[in-house]
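Have a look at the structure below, then the notes.
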Amino acid sequence: ITCYSDEPKFFVSPSQRNDEEAVVDRGGYRSMLKTNFEKEELEGHRTLYIGVHVPIGKKSHRRHRHHGHRHRRRSRELDSGVDNGRESPTYCKYYTPSQRVQFLLGTEDDDEEHIPHDLFTELDEICLKDGEDAEWRETARWLKFEEDVEDGGERWSKPYVATLSLHSLFELRSCILTGIVLLDMRASSVEEVADMVLDQQETVGPLGDEVRRKVRESLLKQHHHQNQKKLANRIPIVRSFADKKQSEPQSMDKNVVKCSTKNDLHFMKKIPPGAEASNVLVGEAEFLDKPVVAFVRLSPAVMLNGLAEVPIVTRFLFILLGPLGKGPQYHEIGRSIATLMTDEVFHDVAYKAKDRNDLIAGIDEFLDQVTVLPPGEWDPSIRIEPPKNVPSQEKRKIAAQTGTDLGDEEEHEGHGGPELQRTGRLFGGLLLDIKRKAPHYLSDYTDGLSLQCLASFLFLYCACMSPVITFGGLLGEATEGRISAIESLFGASMTGIAYSLFAGQPLTILGSTGPVLVFEKILYKFCKEYGLSYLSLRTCIGLWTAFLCLLLVATDASSLVCYITRFTEEAFASLICIIFIYEALEKLIHLGEHYPINMNNNLDKLTRYSCSCVEPPDPSNATLRYWEQNNITASEIYWEALEVKDCIKRRGEFVGTACGPHGPYIPDVLFWSVVLFFSTVFMSAFLKEFKFSRYFPTKVRQAVISDFAVFITIFTMVLVDYVLGVPSPKLKVPSVFKPTRDDRGWLISPLGGNPWWTTLVTVIPALLCTILIFMDQQITAVIINRKEHKLKKGCGYHLDLFVVGLMLGVCSIMGLPWFVAATVLSISHVNSLKLESECSAPGEQPKFLGIREQRFTGLMIFLLMGCSVFMTSVLKYIPMPVLYGVFLYMGASSLRGIQFFDRLKLFGMPAKHQPDFIYLRYVPLRKVHLFTIIQLSCLVMLWVIKTSNYAIVFPMMVLALVFIRKLMDCFFTKREMSWLDDLMPESKKKKLNDAEEEV
């Protein structure tokens with residue numbers, strides 16, 4: 001592509017330097033007035049090639065640092081055409097700029113001075129007119145996005161994506177091509193930099209002593225920074241360069257640093273550690289008739305006092321001083337070089353460039369990537385908001401390999417890592433898990449010492465308590481109190497503590513599951529019909545299940561987890577999330593039965609409403625028998641004086657217009673419960689998203705409000721409920737630590753009063769339990785261990801199952817419920833521990849860094865749960881509708897990121913409104929819909945089975961999803977499945993056959 005400019009814009013000639021050791025590139029220093037150009041050379045200067053012809057240079061690995069006579073010798077060599085300095089390696093003359101850049105960035109330089117650092121770029125401008133005093137004024141700055149000083153000069157603009165004109169980029173290219181380029185220059189002050197630049201300028205064409213003096217004075221003028229206004233009346237922040245005649249290398253005025261840091265401490269936090277400064281100085285001067293342009297790279301980087309608004313060392317300077325009247329043009333050129341310095345690729349090129357040709361190649365490569373917006377269809381005054389996600393620029397740095405395709409890369413992504421490889425030894429996988437996790441064991445506790453972990457465990461403690469107690473209550477009803485709330489609380493605490501201490505993935509939270517409850521009901525009914533001891537038979541089943549789980553661990557059966565793809569994970573996770581949402585709403589509606597309201601109110605008859613207790617006119621046989629057993633004489637009771645509780649206890653009846661079918665209508669409670677429920681949901685969601693708002697400092701928004709969102713919500717709702725005094729249903733926690741029934745202890749005999757053969761027969765139901773435990777545990781573990789969570793400490797599928805199996809046996813002997821990984825609670829746990837970058841540039845969205853992997857939160861959740869028996873006086877104030885609201889919030893928030901729901905929305909969207917999902921680019925829409933319909937059908941099937949009387953076969957249906965996914969390979973190509981799902985492992989023979997076919 002050839003771009004022609006109307007005329008050469010800047011012609012800056014070479015100069016000499018006798019006392020400094022700059023590595024000078026003289027490739028572009030020629031006088032346009034004194035040199036006769038060939039036709040090709042003139043056309044080459046007027047023509048800008050994007051994909052330029054790259055001249056061949058000498059290959060040299062030596063770095064020259066010149067002092068004294070060496071520099072003078074180098075100056076004499078100028079006329080003989082010798083080009084010293086760090087030269088580029090020999091390049092093919094047909095290399096494109098991107099290839100040259102990739103070659104340059106791919107070479108290793110032993111010199112630490114050429115290792116790229118983060119850059120802070122500042123643009124200062126000046127306008128020099130005779131008789132007027134001027135100073136450099138900061139007009140813009142860049143960390144990643146551009147910030148301008150607003151016209152009023154009182155504040156910074158919002159960060160925005162810099163939009164540049166192509167003309168300014170071409171002018172910048174001309175500046176680098178013809179201007180002064182000083183690479184790896186040693187200087188300790190701005191005075192030395194100015195002298196060196198002006199000495200080099202003299203070799204082009206003398207500026208004259210008077211002009212040279214004025215240019216030098218201009219470069220040394222005071223710099224006025226935007227943040228200076230805030231403390232201008234107290235301490236001068238920036239000192240004039242002229243006030244300091246002699247400066248030591250890398251010296252810095254401590255008062256300047258202290259004041260500047262105080263002045264903009266918040267902005268300093270945004271600058272990454274080790275960052276360096278790039279100063280862009282542009283301006284117009286009345287005494288100049290031609291531009292002075294210089295690009296300088298200092299080696300080493302030094303602290304130039306007052307040059308940058310923040311106290312960091314300066315690495316790069318770009319100087320452009322030109323004749324009066326072209327200020328806007330110079331401003332745009334300054335913005336162009338500043339924007340280039342924030343570009344990932346050119347930034348690295350600037351650090352590693354060996355001569356001006358490398359810089360030109362960097363600019364050309366940047367131009368190759370530029371997107372042009374037509375002037376008639378775009379308003380240049382519009383500021384583009386920084387994007388939420390910026391694509392990686394690594395492909396620009398690394399040469400593309402022929403024959404590669406993104407789809408091929410995606411094909412190999414799954415969760416089949418080394419931890420899921422069969423070892424061929426007994427307990428081989430378990431031993432590898434222990435070796436993998438042992439080095440991180442201490443850090444699992446030290447990493448938990450943060451406010452985020454405190455917020456996480458307070459939130460999840462409240463979230464875990466209610467389902468455990470509810471599960472215990474339901475189990476107590478089903479087993480006539482043999483296993484109830486106190487057993488559930490004790491079992492959850494003991495299992496959870498053991499799991500948090502020794503499991504391979506402590507981010508997983510254990511809980512009770514619906515299928516286990518169904519299994520317990522069926523087992524108790526069976527034992528009651530055949531006169532067997534329920535707890536003893538259950539102990540046998542539990543011990544067999546524990547043995548089978550340990551057998552699976554011994555044989556590395558967890559390696560089968562690699563067959564659980566995203567298809568199965570999402571169907572299972574979606575089901576659990578929907579169940580959480582459904583049960584939360586169901587329990588809220590169920591409150592209407594306990595707290596009925598009068599649906600036929602007449603406001604004119606409110607004074608006539610009443611409800612009183614009376615003796616049953618026609619008592620049933622059950623009521624008569626109850627009176628007889630409790631020595632109750634109905635005629636001796638003053639029924640109308642009884643309270644509601646006593647009336648129900650004595651089997652009285654309620655009569656009156658304010659009475660419902662089960663007792664008096666209860667005003668306010670149901671409606672107040674609904675208000676509490678939805679207030680909890682909306683307040684939790686609002687506070688969780690508050691970190692993206694524009695109010696309060698980042699630390700307050702994220703570390704306090706967002707992290708503690710659910711805990712703040714629960715505390716607020718409890719406080720409001722207590723102040724209003726409405727008798728909403730509260731959390732009921734056992735207050736005494738002892739078995740629910742007096743006829744059982746904490747240790748259960750496996751045989752008890754049952755026949756001996758029951759110890760053998762129970763292996764059959766134990767097989768079903770084993771499948772249930774295995775699938776529940778491992779699917780949840782796969783979801784937690786997905787690559788997008790960026791876990792760094794590895795996982796331990798075998799170790800997880802080992803701990804769960806072991807504790808399952810212990811709980812069976814003690815007559816406690818069984819606990820396994822809870823999907824929604826585990827996802828909520830992971831979401832509450834997400835780590836984001838704190839040091840982000842203004843306008844840049846914080847980057848997701850991973851999960852805070854530790855054992856502290858899980859340990860504290862279950863430790864506090866075990867102590868709940870002694871905290872009844874506090875926990876009794878928590879309204880149940882608030883906990884139901886937390887369930888709904890957890891279920892809804894866990895649905896985020898599930899691709900299945902994104903694909904469901906596509907059914908109702910016209911093609912032009914569909915989001916730009918990556919899989920829509922490579923998979924036909926009809927195939928996407930077919931995949932979604934199959935997944936939806938599986939979800940419906942799981943829901944029907946889960947809520948039916950056949951819920952005990954639910955784990956078998958989850959296992960069936962793996963086989964359904966395998967059959968789908970017949971309807972979808974391998975490439976399509978790589979975009980829509982994880983690829984399933986194939987046999988070695990098939991892989992070899994495929995490889996042979998490709999060859």
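Every residue gets a Cβ built from N, Cα and C, even glycine.
In TrEMBL, the transmembrane segment annotation falls on 796-820 of the listed ranges 296-320, 796-820.
With a cut-off of 8 Å on Cβ pairs spaced 6 or more residues apart, the transmembrane segment (856-878) and the transmembrane segment (708-725) reach 3 or more such pairs and are scored as touching. Among the stretches 454-476, 488-511, 531-553, the one making the largest number of Cβ pairs under 8 Å with the transmembrane segment (796-820) is 488-511. Segment contact holds for the transmembrane segment (669-687) and the transmembrane segment (708-725), given three or more CB pairs below 8 angstroms at sequence separation of 6 or more. Between the transmembrane segment (531-553) and the stretches 454-476, 488-511, 560-582, 756-775, 951-968, the greatest number of Cβ pairs separated by less than 8 Å involves 756-775. Cβ atoms under 8 Å from those of the transmembrane segment (560-582) belong to residues 414-416, 420, 514, 778-779, 781-783, 797, 823-824, 827, 887-888, 890-892, 894-895, 898-901, 935, 938-939, 942-943, 946, 958, 961-962, 965-966, 968, 981-985 of the same chain, restricted to positions at least 6 beyond its ends. Between the transmembrane segment (454-476) and the transmembrane segment (708-725) there are 3 or more Cβ pairs closer than 8 Å, counting only residues 6 or more apart in sequence, so the two stretches are in contact. Per DSSP, the secondary structure of the domain 'Band 3 cytoplasmic' (257-380) breaks down as 55 helix, 31 strand, 38 coil. If you take every residue in the domain 'Band 3 cytoplasmic' (257-380) and average the pLDDT, you get 85.
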